[in-house]
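Feature annotations, reproduced from Swiss-Prot:
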{"type": "MOTIF", "residues": "10-20", "note": "motif ''HIGH' region'"}
{"type": "BINDING", "residues": "C107, C109, C134, H136", "note": "Zn(2+) binding site"}
{"type": "MOTIF", "residues": "251-255", "note": "motif ''KMSKS' region'"}
{"type": "BINDING", "residues": "K254", "note": "ATP binding site"}
Amino acid sequence: MTTVRTRIAPSPTGDPHVGTAYIALFNLCFARQHGGQFILRIEDTDQLRSTRESEQQIYDALRWLGIEWDEGPDVGGPHGPYRQSERGEIYKKYSDELVAKGHAFPCFCSAERLDQVRAEQMANKETPRYDGHCMHLDPAEAERRITAGESHVIRMKVPSEGVCQVQDMLRGTVEIGWDRMDMQVLMKADGLPTYFLANVVDDHLMGITHVLRGEEWLPSAPKLIKLYEYFGWEQPQLCYMPLLRNPDKSKLSKRKNPTSVTFYERMGFLPQAMLNYLGRMGWSMPDEREKFTLEEMIEHFDIQRVSLGGPIFDLEKLSWLNGQWLRELPVEQFAAEVRKWAFNPEYMMKIAPHVQQRVETFSQIAPLAGFFFSGPLQLDPALFAHKKLDATQVRQVMQLILWKLEALRQWEKERITACITQVAEHLGFKLRDVMPLMFAAITGQASSVSVLDAMEILGPDLTRFRLRNALELLGGASKKEAKEWEKLLASLG
């Protein structure tokens, strides 16, 4: 009997997302319920955005939740390497095989030509897709151009008509027309693979039997299925999980809800409660109980109990469930958890240097730095009254800073400062003009320790969360203002 093997393959390009944890949990439960193995693979082929710091954050976030893996970059295993950036020669071998078999071809089209083709297709109300310009190039000519060093990608061939039948474990048979499929790039000009080739090759070589991934990948499933067919490999069973949603049913995004696992850890949620809540996203226990452990979820797990309705990630509901867990802790464990959350040495060492020189007694620490240990702050609107900026300008400055910080990938004091400075100067203000607004939103006070240091310590999600709360207190942006301010944001670059 084949051993069930599932995997999660996150990209280390930012804070660890609750959606990643959700998919990881269901992969883990499916594997364990069938006596199988769960693998962690790192998709780091985006060399510009991938960092080892983000990779470590993924490990830390999943382990904080109690999710452990059998094989991965940090624990090793018989199917490594488990970082895609270290598997380049493997992908090249299989890319070359597809070209040799006539299932893929080198494409030399420039970005300008592709943009022109796309514009013409859209003008003619056609589905934008590659037009096959290089598909019938003479192989000798293509080889000559490659040898000469001409930039190129490798594209896969796809049928131009008919339908692909996707067998989904949750939906049954899903038919998707081939006329909706592009001739997917498999190998980029830099020699690195795209998601499609890397995932198919890795899943096959690592013996993955079941692929549970987000439903946003369902429309592109025919490309993966066709690659398995081209290689002559057995395809794993596919399961497209429903996406997490905001309470307004929109796709979960950091613009509306904190999406980083690290945020919830910093807010003081118990990992058991967080995992419990993620387990209830579209799935339920047979007896419908709301509170359960990971072990109980694994014991009773049945993938067919997953609902396709679009699970709502509701912070209020999560807080309620966390409260249930907190109140059932023995008092000694409750005290230990508080110490671990607020007064762990690593966090205290980040805060202490900024507090030590400003106090004369320990009792002065709480009024000065209590905001480091808080979630949402009780804000006084009077803190946002400004001598130079009117009420609209205050909201505009704060909204633009929030948007800039949402796009910031490396959360460092210098980069945070640069974002705020850029917005201030673009609007004709000085940095010192907007800093009181940052103090008010982030610390809830008119002055405190350096707010820029505080933002770095609090981290991106908690900082953005507080800015969002402050903006809501002040009325936020109207639809008209949001449209105008987004144009301003675009001009900032």
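Cβ coordinates are placed from backbone N, Cα and C, and glycine is handled just like the others.
Structure coloured by features recorded in Swiss-Prot.
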| residue | record | CB count, 10 Å |
| --- | --- | --- |
| C107 | Zn(2+) binding site | 20 |
| C109 | Zn(2+) binding site | 17 |
| C134 | Zn(2+) binding site | 18 |
| H136 | Zn(2+) binding site | 7 |
Taken over the motif ''HIGH' region' (10-20), the model's mean pLDDT: 91
Residue counts (helix, strand, coil, in that order) that DSSP gives for the motif ''HIGH' region' (10-20): 3 helix, 1 strand, 7 coil
For the Zn(2+) site built from C107, C109, C134, H136, further residues of that chain with CB within 8 A of the site's CB center: F105, P106, F108, Y130, G132, H133, M135, L137, R155
